[in-house]
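To start, the structure under review is shown below, and the notes come after it.
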Amino acid sequence: QFFVFCHGLLQLSQLLVSGYLKSSISTIERRYGLSSQTSGLLASFNEVGNTLLIVFISYFGSRVHRPRFIGCGAILVSLAGFLMSLPHFITGPYEYDQSVASMFSNTTDLCQPGVPGSRGNLSDAGCTPHAARENHEVLLVMFIAQALLGIGGVPIQPFGISYIDDFASERNSPLYLGILFSVTVIGPGVAFMLGSAMLRFYVDIDKVAGDEVQLTNKDPRWVGAWWLGFLVAASLVALSAVPYFFFPREMPKEGVSPGRDFPLVLLRNLRHPVYLLVVLAQVNLSAMVAGLATFMGKFLERQFSLTASLANMIIGAVNIPGAMVGIVVGGAILKRFQMSLRQCSAMCVLGMFLCLLVAFPLLFLGCPTQKVAGVTYSESSEFGHHALECNLQCDCPEKAYNPICGSNAIEYISPCSAGCRVVHIDADNNSVLNYTNCSCISENGFAKPGTCGTSCSHLFLPFVVLSCLAGILASTSHTPSFMLILRSIQPEDKSFAVGIQFMLLRVLAWMPGPVLYGSAIDTTCILWEKKCDRKAACRYYDNNLFRQRYLGLQFFFEVGTF
């Protein structure tokens, strides 16, 4: 029982490391200027190390000192977690455009006519070869950490499960494995809650005094302390690794299974139509979940103007528990009615059909990107020619990004592009109150700092309710589909078939899923941040396209599963 407790703790902390990355992905994109394709590849990169080794490990399972192997794997995972936070310590503080000439810089974002050429320092500051190299180093470190995370995670689950199954009594084994399984489902939820807590702190909380931070967490330039969560999670993993070095090896009750004919079994399983079809359905479902888990937070942030912290809170407290409820309900129905295989498949079909009905309206719950002058909206159409020249004499830096919301409900990329000449500052906490004398906003308008946000906050609740419902319905098919696999193949092939199944899921779903979703999201970007003449992170998406492609892809995989 102590082993089961330790293993539950270890699995939880291991999932915290891998799940936490998904919760802070939109923050890491913003901090290091990554496209969603890159961040999707990063998020699925731990599966690479994992897949390469998983078949060997399950094959050699019974011949090694399993607890010690698990302990070593856990130490690798912990190392990976600390490595993930390293970029924060090797790069300088986070830089963003500031409208307030503070102690850090003498450049401002205001409209200052008649001083041409004084702006060069703002736009090209980050373009030294050093800065470009720094960015490559960051990516390299993170990819290495993700690969290590995958490799370290290999022995943890298979060895833990077989160790428990070998030494627990026949009666208690299902209970223990059930406990572990529920932990693996809770894990990501806890990870998103951890993300929600950490992203409320400013990224450079350790480098900059609190009163010098001029951003609030609602600002689109805000970057939360993404690295803190990795330190927390990695420390937890290191702690839970310790007991494993003291568990005995204890030879299993049954003898070492004879080495079966590897290719023969593989072929026998792959030719089995039920096995193959169910695995294909699971591949579709997993591809959907992979994209969902990686970019749902980002989607909620953009579509409903939420902070990263709130988006994570919703996913961790509503969507993931919803999926858990679905899995439990599916298992309970199965047990209560002692279903045959045909009934199992009928239940999967019904669950997915209802899921499709609920998920379809999601495609229409949302609204377009807010009006951003010069990006999604040109004023010339309304005011004739005068509007275009309103900020010509300001000599604005091209790359400035310090969004403000005009009193005319139009967003401007920076105070300069709105032609604002005066900034009013709250003396108490050094934050911007508003900008005035803006030549681009009619009736000598003013503007508030921060984005205008999208206008569909009223659709947020229906969206969350429907997506949670769709999740519950889709996950009711989880247990019956596993039963279909376990009962349709020969008993002696069972563990091997499950190993092959997990490998296929990894190769066909968990790895390409996030990259596919990330690429689809990148196609909907309308304004890229430029770093040294290369695309960095996306500033503005076409929200309608983002929603249609992101949820459309999800719907496509749901139809595939069905």
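Cβ atoms here come from the backbone N, Cα and C positions, even for glycine.
Annotated features in TrEMBL:
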- 1-562: domain 'Major facilitator superfamily (MFS) profile' (DOMAIN)
- 41-62: transmembrane segment (TRANSMEM)
- 69-90: transmembrane segment (TRANSMEM)
- 138-163: transmembrane segment (TRANSMEM)
- 175-203: transmembrane segment (TRANSMEM)
- 223-247: transmembrane segment (TRANSMEM)
- 274-293: transmembrane segment (TRANSMEM)
- 313-334: transmembrane segment (TRANSMEM)
- 346-366: transmembrane segment (TRANSMEM)
- 384-439: domain 'Kazal-like' (DOMAIN)
- 421-467: domain 'SWIM-type' (DOMAIN)
Tally of DSSP helical, extended and coil residues in the domain 'SWIM-type' (421-467): 11 helix, 18 strand, 18 coil
Close approaches to the transmembrane segment (274-293) from elsewhere in its chain (Cβ under 8 angstroms; 6 or more beyond its ends): 19, 22, 44, 188, 341, 348, 474, 477, 481, 484-485, 488-489, 497, 501, 504-505, 508-510, 512-514, 516-517, 550, 553-554, 557-558, 560-561
For the transmembrane segment (138-163), distant same-chain residues with Cβ under 8 A (at least six beyond the ends): 3, 7, 10-11, 14, 17-18, 21, 28, 32, 34, 38, 42-43, 45-51, 53-54, 57-58, 61-62, 66-67, 69-70, 72-81, 83-84, 86-87, 90-91, 177, 180, 499
Candidate ranges 69-90, 223-247, 313-334 - greatest C-beta contact count to the transmembrane segment (346-366) (under 8 angstroms): 313-334
Highest-contact recorded stretch vs the transmembrane segment (313-334), from 69-90, 175-203, 223-247, CB pairs under 8 Å: 175-203
